[in-house]
């Protein structure tokens, strides 16, 4: 499986689309807006307001309304600082990045409806451009970005971890699609190694693109436990693996497809992220904290409704990569099974989700 081709959120604006089922990531983005606001203020304290334009990038933007929130927040803070500093009129250039499979049409349609693109106000003119490509490599010219933002994207891996088959070619993570309590230590080690390599590549590419003293605001799903197989980080993938296994038992999916599939994603701990940033040495950590949120952004006591809501949210960001492996024709059955597992086996009990937000500044010299 080529991750660059298979990884994207559900397209369009329909019932299963990411645009209609991203309330959780919207809440995460909303919770971290004060951090982004402070980052923009800090940029102005470093004399970046002397430039005619501020160049910002939102990496892994998908099609969520989050993008509008990010752009409007940066723009609003620029206007505020312009008034406070009595500086010249500024322009804001925002680059929206995701893999080529992303639904950029729906994204820009949404931005245009909110009068972001081409909207000229008194202090700040805003211009937006799409940049398809992998953020694990270079996307922009050297020293061209003042600010980088990424929300719930940097945990995706460039590929499934290597070394998950034995010398005889047998799958080492049989019956699972991610780290689980049953996974041998080599699986956990392979996932951490792949995340280390990919996040290091991410930092290295950004260190070349971000101007001296420029900054990044990164938000990642994470875990509090040192154990990567803890339920807080494995919940979604564990339930999907159970649902897929049930379809295997019914003869609807080939067992080999389950045994050879490993999700290209990793929920790191705060300590793991900190260690990688410090080892890389391109950025200093200005701010770093973890926080918890209810996975479902709704008050609902009915376990079946909770199951259906969670299944829709999960389907919105997992269906493309899952269907690439197992086929489009069984997707309805798979997510119906997922709903049933949440409602019946778990009685609608859904663990909270943990996130990390960090602000990094590029080291000079």
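Note: Cβ is positioned from N, Cα and C throughout, glycine not excepted.
Predicted, not measured: the structure shown is a model, and the values here were computed from it.
Listed in Swiss-Prot:
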- 18, 61, 66, 98, 99, 134, 135: S-adenosyl-L-homocysteine binding site (BINDING)
- 25, 152, 155, 156, 317: caffeine binding site (BINDING)
- 173, 259, 261, 262: Mg(2+) binding site (BINDING)
- 149: site 'Involved in substrate discrimination' (SITE)
- 221: site 'Involved in substrate discrimination' (SITE)
- 265: site 'Involved in substrate discrimination' (SITE)
- 313: site 'Involved in substrate discrimination' (SITE)
- 328: site 'Involved in substrate discrimination' (SITE)
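Feature annotations (Swiss-Prot) mapped to structure.
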{"residue": "61", "record": "S-adenosyl-L-homocysteine binding site", "Cβ contacts under 8 Å, 6 or more apart": "67, 96, 97, 98, 102, 107, 153"}
{"residue": "66", "record": "S-adenosyl-L-homocysteine binding site", "Cβ contacts under 8 Å, 6 or more apart": "22, 25, 26, 29, 151"}
{"residue": "134", "record": "S-adenosyl-L-homocysteine binding site", "Cβ contacts under 8 Å, 6 or more apart": "4, 99, 158"}
{"residue": "152", "record": "caffeine binding site", "Cβ contacts under 8 Å, 6 or more apart": "25, 28, 60, 219, 220, 221, 355"}
{"residue": "156", "record": "caffeine binding site", "Cβ contacts under 8 Å, 6 or more apart": "3, 7, 60, 264, 265"}
{"residue": "173", "record": "Mg(2+) binding site", "Cβ contacts under 8 Å, 6 or more apart": "164, 180, 183, 184, 187, 259, 262"}
{"residue": "328", "record": "site 'Involved in substrate discrimination'", "Cβ contacts under 8 Å, 6 or more apart": "none"}
Original post:
In the same chain, outside 173, 259, 261, 262, whose C-beta lies within 8 angstroms of the Cβ mean position for the Mg(2+) site?
Top reply: 160, 164, 171, 174, 176, 177, 258, 260
Subject >> Nearest recorded site to residue 155 (caffeine binding site) by CA-CA distance, among recorded positions 135, 149, 261 >> reply: 135
Subject >> Cβ contacts of residue 317 (caffeine binding site) (under 8 Å, same chain, 6 or more positions away) >> reply: 9, 10, 18, 22
**OP:** Among the binding-site residues listed here (18, 135, 261), identify the one with the smallest other-Cβ count within 10 Å.
**Re:** 261
Subject >> For residue 313 (site 'Involved in substrate discrimination'): DSSP state (helix, strand, coil) >> reply: helix
Subject >> DSSP-derived class (H/G/I helix, E/B strand, else coil) of residue 98 (S-adenosyl-L-homocysteine binding site) >> reply: strand
**OP:** Could you tally the C-beta atoms, other than its own, that fall within 10 angstroms of the C-beta of residue 25 (caffeine binding site)?
**Re:** 25
